[in-house]
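Feature annotations, reproduced from Swiss-Prot:
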type	residues	note
ACT_SITE	His20	active site, proton donor
BINDING	Asp28, His99, Phe123, Ser124, Asn125	substrate binding site
Amino acid sequence: MKKTAVLNSHISSAISTLGHYDLLTINDAGMPIPNDDKRIDLAVTKSLPRFIDVLETVLTEMEIQKVYLAEEIKTANAQQLKAIKKLINDDVEIKFIAHSEMKEMLKSPLNKGNIRTGEITPFSNIILESNVTF
């Protein structure tokens, strides 16, 4: 049995395919994720699993250099923003963009996976940009 934190085979596979600058997204239950082979639906019910728990686990196996967050999270979900910032290392750039731009980035060829959680708080979405480990 696998020893590392990510047990979900689809998430593990998506992370293993990442190269420098590739993207992986973690989304709340309401984000309109394209129905394609990159969709990884973990949502079981409201708040299960929580966005922040999935993010924390993914970060144990993924090297990131930048994250994208919706500008709207600053006012609509300051508590979630604070929790995200606790998990992101100081050397990782945080870029705030319009929520509409985030939706478009889900379709990018650089995006290797869209993870849907059961999160039901507004703007609980993040795009992780992969870095190299050397």
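FYI, residue positions are counted from 1 along the chain as it appears here.
Backbone N, Cα and C define each Cβ position, glycine as well.
Predicted, not measured: the structure shown is a model, and the values here were computed from it.
In this structure, the C-alpha atom of Phe123 (substrate binding site) lies 26 angstrom from that of His20 (active site, proton donor). Cα spacing between Asn125 (substrate binding site) and the residue listed as 'active site, proton donor': 21 Å, rounded to the nearest whole number.
On a Cα basis, His20 (active site, proton donor) lies 25 Å away from Asp28 (substrate binding site). Around Asn125 (substrate binding site), a 10 Å sphere centred on its CB holds 28 further CB atoms from the protein chains shown.
The number of other CB atoms found within 10 A of the CB of His99 (substrate binding site), across every protein chain shown, is 16. Overall, the recorded substrate-binding residues Asp28, His99, Phe123, Ser124, Asn125 cover a maximum inter-Cα distance of 13 Å. Between the alpha carbons (Cα) of His99 (substrate binding site) and His20 (active site, proton donor) lies a span of roughly 24 Å. Listed in chain order, the extra residues whose Cβ falls within 8 Å of the Cβ center of the substrate site residues Asp28, His99, Phe123, Ser124, Asn125 are Asn27, Gly30, Met31, Ala70, Glu72, Ile73, Asn77, Met102, Glu119, Thr121, Pro122, Ile126. Taking CA atoms as the reference points, Ser124 (substrate binding site) and His20 (active site, proton donor) are 24 Å apart.
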